[in-house]
Protein chains: 2
Amino acid sequence: MSKILNEVLLANRDYVAGFDKADLAMPPARQFAILTCMDARLDPAKYAGLSEGDAHVVRNAGGRASDDAIRSLVISYKLLGTKEWFVIHHTDCGMETFSNEIMTDLCASSLETASVDASGWHDHGAGPGSTEAKYINWLTIKNQAESVLEDVNRIKAHPLVPANIPVYGYVYDVKSGSLIEVPEATAAGRAS
Amino acid sequence: MSKILNEVLLANRDYVAGFDKADLAMPPARQFAILTCMDARLDPAKYAGLSEGDAHVVRNAGGRASDDAIRSLVISYKLLGTKEWFVIHHTDCGMETFSNEIMTDLCASSLETASVDASGWHDHGAGPGSTEAKYINWLTIKNQAESVLEDVNRIKAHPLVPANIPVYGYVYDVKSGSLIEVPEATAAGRAS
């Protein structure tokens, strides 16, 4: 067994020993959801004050409003009753450190076979029906406030998202732990 | 300001007051990543023993190996050096409570406009190039061990995923807090 796997299972044993959350209901008690980055330095439960059972947390590279993040948020609303959503990107994000071109180079040999395959992988960037196989949109970030605004706008404009859901836009500062509002994004997120 | 937004910002103020994580590096210190569900009852930092800076955490509805989750994991490996991945679904998952058909009904009026639009939304289920616009794959779950195995297999078979990354498959039990191994998935995840 790997060192990491062993450590995770030992930590889980400790968690189980003190576990007192058996009676939590499936729908988030505080009826909200957070979309944020997978970055290891971010702990949304800590930076936003969540206990188990409080809120849905969706995370991916960048905290981007990808189709899959929107799938998750729509399920969060339609089936599990969340009524407010946060989009929280962060300073010093890895998604600012590279470009689609760099990533394409890094993946060059693999990408020879990565267009449309049996497992359903395809090319978000080029769009459905495209025959350009080599371009994947890695959803990189140039400016945090702009990426938050772009994602709030994408969520609000999405045909499956109800107009009455407020979406708040924030940037988490990894040097201070602070949530910094992106006022244009929060304003856009409130508009119906 | 909404009650929830106010509570989140107050909790964040407390977090900032005790913040001592300013010196964490961007790459995950313990070089692993967890893909798990957005479910409010799950706190991966607690159930797997993570401190800020330790590991990437990717979350979506179901903890599924969607294209976007794989985008995130590939970035996690290629740019930020993770070397082991976990796929962790859980008991009593919301994704077991409905079907694609139910969700399609719930979204029926919105779906009239939800095929291929300017924002890039399209239909995962029908695949690229399809003209069937009404079918979205919500990635529902019928059996937790099977969904874990399916996702580990999808990750391992993916053309952008290196063969040497171990992928461990587990189910989190919301009644006990325990991580339960899916042996077939972990075995599949170790194979190169």
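Backbone N, Cα and C atoms are what each Cβ position is placed from, and that goes for glycine too.
Cβ contacts within 10 Å of A:His90 (Zn(2+) binding site), excluding its own Cβ and spanning all protein chains shown: 25. The Zn(2+) binding site feature in TrEMBL is assigned to A:Cys37, A:Asp39, A:His90, A:Cys93.
Sequence-ordered, the extra residues of this chain that approach the Zn(2+) site, with Cβ no more than 8 Å from the Cβ center of A:Cys37, A:Asp39, A:His90, A:Cys93, are A:Thr36, A:Met38, A:Arg41, A:Leu42, A:Gly62, A:Gly63, A:His89, A:Thr91, A:Asp92, A:Gly94, A:Met95, A:Tyr172, A:Val174. Annotation: A:Cys37 carries the greatest number of neighbouring Cβ atoms among the binding-site residues A:Cys37, A:Cys93 [cut-off 10 Å, Cβ to Cβ].
The Cβ of A:Asp39 (Zn(2+) binding site) has 28 other Cβ atoms within 10 Å, all protein chains considered. For chain B, the nearby binding-site residues by a Cβ gap under 8 A, listed in sequence order, are A:Asp39, drawn from A:Cys37, A:Asp39, A:His90.
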